[in-house]
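These notes are about the structure you will find just below.
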Amino acid sequence: DPDKCKTIRVESWSYKYAEKVVEDASYVLNMTVVDRQSAAACTLGESFGYQKATLWVDHGCRADFKVCYLPVMPTECQTLRVESWNYKYAEKVVEGAALFINMTVEDRQSEASCDLDKSFGFYNQNSTVWVNHGCRADFNICYLKGAVTTSTINVSSWNYQYATKVLPAASCIYSMRVVNQQSAAPCTLGTTYGFVANTMWVDDGCRADFKPSYYSP
């Protein structure tokens, strides 16, 4: 499998913040409590969580966690020009990018400033980089390469009902984007369509042909 799982103990003593780096991980995918050691609660996002390859605990949470992650893999970097004309939002898909590591300005073309997360950034959910507010630049973009990109797959929410489609060949979908929308209802990533593990989902009337990218076992 491209992703690995193991049990790791992380402990917040005296209710203080603590963290632990998963040495062979490039990105943690999920973290769940297997055996709580503390009287204090362990709540995802409040008293434990993760960012990139680092696990953290706080507020007295002490537990053994099941941690699944992408092991360290070779990265690829490329220079890509992305431009916000007339101060409008624009985006560009980075083909083959599974998880972005960083995006830095190499050569700014615009008078407008380019500030990370304000006028440029990236979305791991659909392998996309974006600019806004007049930022135009050549960016150095580094990322983990993806393994498999499929042809289009139709997933439809009929009568505004929630619907799913499993990709048996996938162990972990990392992006999903609309290729051809059939519904009048909007298809918005994270709201009316998305993915979990190897399953694509739609809701609230979104019907479209999607192009998912994924790791395969």
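Glycine too: its Cβ is placed from the backbone N, Cα and C atoms.
Sequence-distant contacts (6 or more apart, same chain, Cβ under 8 Å) of Cys187 (disulfide bond) comprise Val178, Gln181, Tyr193, Val202, Cys206, Arg207, Ala208. The DSSP secondary structure for Cys187 (disulfide bond) is coil. What Swiss-Prot records for Cys5-Cys187 (among others) is disulfide bond, and it gives an author's statement as the kind of evidence.
Annotation comment: Swiss-Prot describes Cys42-Cys68 (among others) as disulfide bond. Within 10 Å of the C-beta atom of Cys42 (disulfide bond) sit 22 other C-beta atoms, taking all shown protein chains into account.
Swiss-Prot lists Cys61-Cys77 (among others) with the feature disulfide bond, giving an author's statement as the kind of evidence. Long-range Cβ neighbours of Cys61 (disulfide bond) (same chain, at least 6 residues apart, Cβ-Cβ under 8 Å): Ser12, Arg36, Ser38, Ala40, Ala41, Cys42, Thr43, Ser47, Phe48.
Neighbour count (other Cβ atoms within 10 Å of the Cβ, all protein chains): 24 for Cys135 (disulfide bond). For Cys114-Cys135 (among others), the entry in Swiss-Prot reads disulfide bond, with the evidence type an author's statement.
Swiss-Prot lists Cys142-Cys206 (among others) with the feature disulfide bond. The secondary structure of Cys142 (disulfide bond), as reduced to three states from DSSP, is extended strand. Take the CB of Cys142 (disulfide bond) and look out to 10 A: across all protein chains shown you find 14 other CB atoms.
Per Swiss-Prot, the feature N-linked glycosylation site maps to Asn30 (among others); the stated evidence is experimental evidence. Asn30 (N-linked glycosylation site) carries a strand DSSP state (E or B). Counted within 10 Å of its Cβ, the other Cβ atoms near Asn30 (N-linked glycosylation site) come to 14, all protein chains included.
Look at Swiss-Prot and you will find Asn102 (among others) tagged as N-linked glycosylation site. The Cβ of Asn102 (N-linked glycosylation site) has 13 neighbouring Cβ atoms from other residues within 10 Å, across all protein chains displayed.
In three-state terms derived from DSSP, Asn126 (N-linked glycosylation site) belongs to a helical segment. Under the heading N-linked glycosylation site, Swiss-Prot lists Asn126 (among others).
In the structure shown, the C-beta of Cys206 has more C-beta neighbours within 10 angstroms than that of any other entry among the disulfide-bonded residues Cys5, Cys68, Cys206. Close to Asn126 (N-linked glycosylation site) in the fold, though at least 6 residues off in sequence, lie Val93, Ser175, Met176, Arg177, Leu189, each with a CB less than 8 Å from its CB. Put simply, Cys77 is the one of the disulfide-bonded residues Cys5, Cys68, Cys77 whose Cα lies nearest to the Cα of Cys114 (disulfide bond). Cβ-based crowding with a 10 Å cutoff singles out Cys114 as the top-ranked of the disulfide-bonded residues Cys77, Cys114.
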